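If you check Swiss-Prot, you get these features:
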TRANSMEM  29-49  transmembrane segment
TRANSMEM  51-71  transmembrane segment
TRANSMEM  96-118  transmembrane segment
TRANSMEM  123-143  transmembrane segment
TRANSMEM  151-171  transmembrane segment
TRANSMEM  177-197  transmembrane segment
TRANSMEM  223-243  transmembrane segment
TRANSMEM  244-264  transmembrane segment
TRANSMEM  281-301  transmembrane segment
Amino acid sequence: MPKPIALSRNPSTPLFQWRAYYEMTKPKVVALMLLTVLVGMCLAVPGVVPIVPLIAGMAGIGMMAGSAAAFNHLIDRRIDGLMARTYNRPLPKGRVSIAKALTFSCSLGILGFVVLYVLVNPLTAWLTFASLIGYAVVYTAYLKRATPQNIVVGGLAGAMPPLLGWTAVTGEFHGNALLLVIIIFAWTPPHFWALAIHRRVEYAKVDIPMLPVTHGVEFTKTCIFLYTILLAIACLLPVLVGMCGPVYLVSSTLLSVTFIYKAWQLKFHEEPGMAMKLFKFSIYHLMLLFIALLVDHYLWL
């Protein structure tokens, strides 16, 4: 009986190399980010999004986001190798060399910038470049190691995608787009602090001053709870300015109440693994919130 053919796991094979580069772009994170870009595009126009800024904008922003993620892998390669969550990443494991990782990161970023500049508009290209620098350099290379408020200050770069989507279609700033930025900005600290509680021993081992390491777990739980309340208020802003209708209002209220309740449980009635459960819920919260924005927008056209 013939033996089944097994896929090669030789690091030198093209398939294995491709998977390593793909992993460096943090595809799941970029996918969630692109959802917020798409919502920003759709809310910027009353009807259908023009095809060129839609495709070129999503592609260019996606490439530059992947480039920022790859730079994050490159800069954090030493501490990644010491943490259980990240030790198996391509650079710590030697699946990609430093030189190749740098070449890949730069090439992907440059290609994304050119696509945005030529096919979309210069404003979106430069704003996306600023976001890349904010995440890869300001946050990863400096803030992450400098202050327990790293997530709060550095979160602005990660909150930009809806604005990028908006400018890709309109070519200009708009206050409504900034409201979407505020939502993600308020969402970021409780999202990452929940993970930091779960991984606080590892962060302490590599001298990363995450809030649970520097100020303790109980203080961090309090901050998470307060930020979920702040997030709930931020989520109401699109309704208050007339951007959204009842579908979004009901959806965001249910999501906010659930997030606050789970943060309350973490603070006052913690069970084993509660921080990680909150972290995972926060991902669904953001995803469902922006889907609700999209549904509400087109439902009332």
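Cβ atoms here come from the backbone N, Cα and C positions, even for glycine.
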**OP:** Could you tell me whether the transmembrane segment (96-118) and the transmembrane segment (281-301) are in contact, taking contact to mean 3+ Cβ pairs under 8 Å with a sequence separation of 6 or more?
**Re:** no
**OP:** Report, as numbers and ranges, every residue of the chain located at least six residues beyond the transmembrane segment (244-264) whose Cβ falls under 8 Å of a Cβ in that stretch; write 'none' if there are none.
**Re:** 190, 221, 224-225, 228-229, 231-232, 235-236, 238, 274, 277-278, 281-282, 285, 288-289, 292-293, 295-297, 299-300
Original post:
Going along the chain, which residues at least six beyond the ends of the transmembrane segment (96-118) come within the CB cut-off of under 8 Å?
Top reply: 17, 20-21, 24-25, 56-57, 59-64, 66-68, 70-71, 73-74, 77, 90, 124-125, 128-129, 132, 168
